[in-house]
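This report refers to the structure that appears directly beneath it.
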Amino acid sequence: MKKDSVIFDLIEKEHQRQLKGIELIASENFVSEQVMQAMGSCMTNKYAEGYPGKRYYGGCEVVDQSEQIAIDRIKQLYGAEWANVQPHSGAQANMAVLLACLEAGDTFMGLNLEHGGHLSHGSLVNSSGILYRPIGYNLSEETGMVDYDHMEKMAIEHKPKLIIGGGSAYSREWDYKRMREIADKVGALLMIDMAHPAGLIAAGLLENPVKYAHIVTSTTHKTLRGPRGGIILMGKDFDNPWGKKTPKGEIKKMSALLDSAVFPGVQGGPLEHVIAAKAVAFGEALDPSFKEYQTQVKKNAAVLAQAFMDKGYKVISGGTDNHSMLIDLRPKFPELTGKVAEKALVAADITVNKNMVPFDSRSAFQTSGFRVGTPAITTRGVKEDKMGYIVELIDRVLSAPEDEAVIASVRTEVNRMMADYPLFAW
């Protein structure tokens, strides 16, 4: 069969883009060679509807072992009693939890998208906001942090069946203990989406939500540095609180409802090649070197945030506790949108993403800010001594976002700098 040169040429172009640039998108990372090998393996050929030992297809003996290893490793990593590693993405994992916990029209709470939440936490254009009744909570305008007193007041008023914590653009630690107290007070379940800080949590550098939440979801490809995918965890299994029963009249465990919500609820056959790659990544995360890597991720982020503030940029909440930060452009460049900033920086081979900031007057297509993070550049071996220089390069571009000569000059410096770093150094 003839090799598809069109696609493989594009793959090489993407490889070169990744090698030459400074990758600052907070949700992106670079995986190891062995994770990619597992993902591109013959495991992709196997259909395996169901779960290990309970499949609807024959010949699943090997993929059963691979999936069970992934389950065992992720449980060990977070101290969980139960895990499902089949969700194709974090959004699919969240969709499955909502399907298991809510009926159509039920009320739940999540962080508003404009304040750093995620589409799957109740956005009206997402199934979570179409099928159910979302109530959004906000950040404090003064501090840029979650206002737990306001969250509690809203929970008492709206009586949600489920409260969701976690977000896609929130740089601070979450108070899981307080959130569990709020959930218990109103009789709600607590779900934490730890997709962004999952790697830092696995390394013990941030609080583990598995100790407090009824259910925890995550992606596997951000700070956890695995293939693109999702997981669902529970610290401890429990009887479902709605009295749903098995055909034999026994109260169903929450794990049974969640398993059924993933398959056949929102998915068919699992991606066993991706699950194999997840298992490899989870094994890497159990190695002591992973904590060293995550420590550097956090250190780089703290220094990067301070460098932005030293240059006169507003960092929402005044800093970061994790790998990410949200930059509000309005105080320094009132007329500059996140869209224009992103385009100019990408042209200089510095990749960021435009992002709404709390109480933003601009739309999600324009925005008044952008989001940055350090997982990917840290994987390449970049240390904190380069953070000030990176902000200097960004500032030069944003000070003249339409000046092609400035952009070309910065791009040359970026390419020269990144030529010293491999794609995967840890």
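Cβ atoms here come from the backbone N, Cα and C positions, even for glycine.
Summarising the annotation, Swiss-Prot assigns (6S)-5,6,7,8-tetrahydrofolate binding site to Leu113, Gly117, His118, Leu119, Ser363, Ala364, Phe365. Per Swiss-Prot, the feature site 'Plays an important role in substrate specificity' maps to His221; the stated evidence is sequence analysis. Among the features that Swiss-Prot reports, N6-(pyridoxal phosphate)lysine is placed at Lys222.
Projection of Swiss-Prot feature records onto the structure.
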| residue | record | DSSP (3 states) |
| --- | --- | --- |
| Leu113 | (6S)-5,6,7,8-tetrahydrofolate binding site | helix |
| His118 | (6S)-5,6,7,8-tetrahydrofolate binding site | coil |
| His221 | site 'Plays an important role in substrate specificity' | coil |
| Ser363 | (6S)-5,6,7,8-tetrahydrofolate binding site | coil |
Pairwise Cα distance for His221 (site 'Plays an important role in substrate specificity')/His118 ((6S)-5,6,7,8-tetrahydrofolate binding site) [Å, integer]: 16
Where the record names Leu113, Gly117, His118, Leu119, Ser363, Ala364, Phe365 as binding (6S)-5,6,7,8-tetrahydrofolate, the maximum Cα to Cα distance in Å: 16
Position of peak Cβ density within 10 Å, selected from the binding-site residues Leu113, Leu119: Leu113
Local Cβ density at Ser363 ((6S)-5,6,7,8-tetrahydrofolate binding site) - other Cβ atoms counted within 10 Å: 12
Listed in sequence order, residues with CB under 8 A of Phe365 ((6S)-5,6,7,8-tetrahydrofolate binding site) and six or more positions away: Lys339
Spatial neighbours, same chain, of His118 ((6S)-5,6,7,8-tetrahydrofolate binding site) - Cβ under 8 Å, 6+ residues apart: Gly90, Ala91, Asn94, Gly110, Leu111, Gly166, Gly167, Ser168, Asp193, Ala195
Residues that sit under 8 angstroms from Lys222 (N6-(pyridoxal phosphate)lysine) by C-beta distance, when 6+ apart in the chain: Ala26, Ser27, Glu28, Asn29, Ala195, His196, Ala198, Gly199, Pro375
Tertiary neighbours of Gly117 ((6S)-5,6,7,8-tetrahydrofolate binding site) (same chain, Cβ under 8 Å, six or more apart): Gly110, Leu111, Ser123, Gly136, Gly167, Ser168
Most Cβ neighbours inside 10 Å, all chains, among the recorded positions His221, Ala364: His221
